[in-house]
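K.L.:
My questions will all concern the structure given below.
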Amino acid sequence: MLLFLILLLPVVLKFSFVSLSAPARWNCPEGSPSGNGNATCVGPAPFLIFSHGNSIFRIDLEGTNHEQLVADAGISVLMDFHYNEERIYWVDLERQLLQRVFLNGTRQEKVCNLEKNVSGMAINWINEELIWSNQQEGTITVTDMKGNNSRVLLSALKYPANVAVDPVERLMFWSSVVAGSLHRADVTGVEVRLLLETSEEIAAVSLDVLDKRLFWIQYNREGGSSRICSCDYDGGSVHFSKHLTQHNVFAMSLFGDHIFYSTWKKKTIWVANKHTGKDMVKMNLNPAFVPPGGIKVVHPLVQPKAEGDAWASDQKLCKLRKGNCRGSMCGQEPKSHVCTCAEGYTLSQDGRKCEDVNECAFWNHGCTLGCENTPGSYYCTCPAGFVLLPDGKRCHQLISCPSNVSECSHDCVLTSDGPICFCPEDSVLEADGKTCSGCSSPDNGGCSQLCLPLSPVTWECGCFPGYDLQLDKKSCRASGPPPFLLFANSQDIRHMHFDGTDYETLLNQQIGMVLALDHDPVENKVYFAHTALKWIERANMDGSQRERLFEEAVDVPEGLAIDWIGRKFYWTDRGRSLIEGSDLNGKYREIIIKEDISQPRGIAVHPVAKRLFWTDMGTNPRIESSSLQGIGRQVIASSDLVWPSGITIDYLTDKLYWCDAKQSVIEMSNLDGSRRQRLAQNDVGHPFAVAVFEDHVWFSDWTMPSVIRVNKRTGKNRVRLRGSMLKPSSLVVVHPLAKPGTNPCLHQNGGCEHICKESFGTAQCLCHEGFLKAPDGKMCLALNGQEILAGRGKDLSDGVMPVDTLPRSRELEDNLTESQHILVAEIMVSDDEDCGAAGCSAQARCVTEGEDATCQCLKGFAGDGNLCSDIDECELGTSVCPPTSSECINTEGGHVCRCSEGYQGDGIHCLDIDECQLGVHTCGENATCTNTEGNYTCTCAGRPSEPGRICPDPTPPSHLGEDGRYSVRNSYSECPPSHDGYCLHGGVCMYIEAVDSYACNCVFGYVGERCQHRDLKWWELRHAGLGRQWNVTVVAVCVVVLVLLLLLGLWGAHYYRTQKLLSKNPKNPYEESGRDVSGIRPADGEAGMSSCPQPWFVVIKEHQNLRNGSQPGAPKDGLGADVGQFSSLEPGSLQPTSWRKEPQMYMDTEQGCCIPSSSDKGSGPQGIGYSFHLPSYGARSIAVGVEKSHSLLSANPLRQQRAPDPPHQMELTQ
């Protein structure tokens, strides 16, 4: 909110006061005074008054503020109003009375008695007179506004009725019921003349006082049809509308370009175009038992002043003539120059100014403890610890009430009279004694925008710049052009004003199912997305210049939002579960949100706060927010949600609104999710999208296809707009102030020829000196009558007029209008309709034909009206899709055509793509491209034509390498230089000799003959494959790690066991003696035999006698033979050897131990050459030490007598 106020600061400084005027929002009738050159007129909003049964009601033209003004008015079918007096006058035919009441429904009183058979009544607001006709007496009578001084103006008339008067022109009109004629006379009763006669009945008469034309309803008794007719005040320029209505019109009233009329039997008020007569809006007044009677549009333009100034009332003249009467007010005699002071002021001694009365100084205020004077008033105050009671006078000590008895909206104080509710400062207690109202209360003092405290108990309402305070001094309305709704209706896009008028189709071609759209106020374009064709398009607001931004790149887009300041747009794709963004030209596309998102639907953007807001309808429904880049995500709401659908932002108050389609509710909160509040529930059907503007929230409903609006603070005052709708989806309000911060002058100079000046979001065109603004408000004309092109000085006055300025006949206008399909909107004050309480099917509409109403299925559906089913045009073969060039896709209520490859279209028609002319063929430079239906052919020199064939270069590519040899690379060679750039996106061009053609080897992510298409499917599969590959890799690594850990554990166990066994040191079982080694065993228990050292194991190998000059050699049978020799020995035995071999003792140990003789000079670790471990055969393990083994062998006498043995090489192992 702070950021928005900062943007509005220059505007606030420029308009440093709060406007208290009441400009309305409607198109200025031709000839009426307008505002500062814009499209609005300064004045209050018009509204209707009508009689209904024995009551009189009022209702806004938009269907809101439907109130009963008079409860017991009798049969009041004849009525009129006096705007300056703010009174309604009506004839009570039952009691034969003329009565009146104020426009707000107060002070009902009798004026005078009337005779029977009164057939018409009108008010002369300039002469202050009442005029009525008597059909039976044939007279027209006049009286003053108090019912005095009655006199007969005209007599001897033929059944006069339907009196109308234009006091400005001093003319009076009436019709003759029997004769079927129209008459005119002066308001004084002279100059009576017949204007025209007809054989048909004239049902009702009304005047267009601005265009100076007389309108009437001409009824054909035989055909039962009516038409709207008009003529000028002299009876000339008669115009008959071609459109016939089956309604029997009872009363009518004109305002602007519209006629409001009621019928004899239907409980509705119709709005029609006064030129064409076509019905535009049907205002359904159900529940009601009788049709409405008299009807009038109340607005000052309906009763202008004689001097031609429609706004110069006596009250305004008084304000202009007050002179030095400061602080004065206009009294009962506004034309006098006497100053009259308002309450709280007193006239000064010189009688020229009003001075404030200080009530607190005179002690006549009635305050018990404190008093504070203000200009024109005062208020009571209380010290700390006391509260002001609801009477505004007494103070009471603050004693809180028990919590169980307090039902106050703010707080409660316990007094001697019991508990009493009180309110905070700047608020007062309402009539119910419980609710507070004021600037500090939730109702904001009843103000729609700004609440400005004047004292602790008084305040006044104000409006933001660009908005105007209305006559109720509470509500604000946007200035500028009238706002309208733009919404998607499944098969088309429509727009309508808030009052149901100008209900038309913007894009009516078959565009599939369109659910998402938004409006760009800068370029005045509409952006929309297709769910069937999977496109995103944009177009002008008149339906022209359609541009396709994305094709086949979205799946189920259901939400779209425009950043009109940042010039980007964002959309949700429920099918792909992500949110994407792009610039407004479809470039720089990026994914904004793709993680932790399920089924996004609605989306809204706040350009000032630079935040995105969206709804998620998935398994975890919630409302979320993030930055425009997708970071800083925040959950706005997650509880009590089922199907959160549409979402929107009130940029003035920084409030967030959303709807839940499943729960049928509308909710609101602050932008951070705080102060969440439920506005409407159970009576909003199946809401899809929401929009907010001014004081109302709009939302679309699928249950009863329509758009509904409620008050944005209370959820009350519900009004439904419908009319041949199928599934109204996304909707936006189009107005310059709906999206603040817009500068339309930035785009094409706002459409202005010379100077464009931005004013509250609208482009104001100005002209340079010496030029005059043209009637279109944008072009400039030279003062000498010639139109000059700005900046060029070119004379364009060649006798050609712009089309918009050419005169157009009424007949031509009717023909143009007749050729267009006019939609009729219906304003439903309640949900009751003429087709019964059950209503029609959601795919049907209630059609009124004369006095009967029936349900009819909409186009594209079949049934009896109560049950309608979709017609599958594709299956029935009734589609418009050409089977040779397109595929028919059925949609609800229609179908679309998806063009085949080689064709392009708009969803209906498919046209052949001329690849040759567009340069998208693949023929190459050496061929001639010929376009064919849906394809093309390439004609190569000397070869037949084939579709899509690439002709090679006439000079065959050389395969000769630098070394003079022919090189072959997988039978493919590179393309010649003439094909440089043939393959796109990094593809490699190759010549395939086998087929004598060229081909592209595309990089990953691209497909096509020239790698021209991005393979999104491959991209998704690649990411899916990478994900699977990553999962497999992780599993494999985990398995390998587990196996390694298992092996490490086994090795550790083995190592531990080995060390444990080696650490044991058992005694040697053999005695160390000089006995013969053959069969001698040492005595048991004899010590002194040491075991083999643990780290050393030796094996004695045979070598040749080096002394004989022979080289050492391997054993005869190899190393394995030596092992085999030991295998047959018993543990502890000594093997006999030859003189060349030493005796070898085998002792069975875990690793084995071979003991050489002690005379071996190579004994010890230094002389070891080879080693091996002997196997174990289950005998007792004996570890023999090196030292002991030497002593053991030296004890053998045979060994000592032998000649020295050749040296043995020994190897140490560990």
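Just so you know, glycine gets a Cβ as well, placed from its N, Cα and C.
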K.L.:
Write down the residue from N148, N935 that Swiss-Prot flags as N-linked glycosylation site.
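P.N.:
When Swiss-Prot is consulted, N-linked glycosylation site appears for N148.
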K.L.:
Name the cysteine that pairs with C765 in a disulphide bond per Swiss-Prot, restricting the answer to C752, C767.
P.N.:
C752
K.L.:
Name the residue range among 313-334, 489-510, 885-906, 1193-1214 that Swiss-Prot annotates as region 'Disordered'.
P.N.:
1193-1214
K.L.:
C371 (disulfide bond): which of the recorded positions N117, C401, C412, C897 is the nearest Cα neighbour?
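P.N.:
Checking each of N117, C401, C412, C897 against C371 (disulfide bond), the shortest Cα distance is to C412.
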K.L.:
For the repeat 'LDL-receptor class B 6' (524-566), what are the same-chain contacts with Cβ under 8 Å, counting residues 6+ beyond its ends?
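P.N.:
Same-chain contacts beyond the flanks: 486, 488, 493, 506-508, 511-518, 572-576, 580, 582, 584-586, 589, 600-605, 607-608, 610, 612, 614-615, 628, 646-647, 729-730, 734, 739, 741-742, 744, 889, 891, 896, 898, 906-907, 1016.
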K.L.:
Run through C476, C910, C923, N926, C983 for me and report the recorded positions whose CA is within 10 Å of the CA of C881 (disulfide bond), in sequence order.
P.N.:
C910
K.L.:
Fewest other CB within 10 angstroms, which one of the disulfide-bonded residues C756, C897?
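P.N.:
Counting other Cβ atoms within 10 Å of each of the disulfide-bonded residues C756, C897, the minimum falls on C756.
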K.L.:
What residue among the disulfide-bonded residues C371, C767, C983 has the most other CB atoms lying within 10 A of its CB?
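P.N.:
It comes out as C983.
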K.L.:
Could you give the Cα-Cα distance between N148 (N-linked glycosylation site) and N117 (N-linked glycosylation site), in whole Å?
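P.N.:
Their Cα atoms are separated by 20 Å.
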K.L.:
Could you tell me the mean pLDDT over the domain 'EGF-like 8' (912-952), as a whole number?
P.N.:
74
K.L.:
Have a look around C881 (disulfide bond) and count the other CB atoms within 10 A of its CB, chains all included.
P.N.:
24
K.L.:
Which one of these disulfide-bonded residues, C360, C412, C451, C463, C780, has the sparsest Cβ neighbourhood, judged by other Cβ atoms within 10 angstroms?
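P.N.:
Checked C360, C412, C451, C463, C780; of these disulfide-bonded residues, fewest Cβ neighbours within 10 Å: C360.
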K.L.:
Of all the disulfide-bonded residues given, namely C412, C899, C923, C938, which is spatially nearest to C767 (disulfide bond) at the Cα level?
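P.N.:
In terms of Cα distance, C767 (disulfide bond) lies closest to C899.
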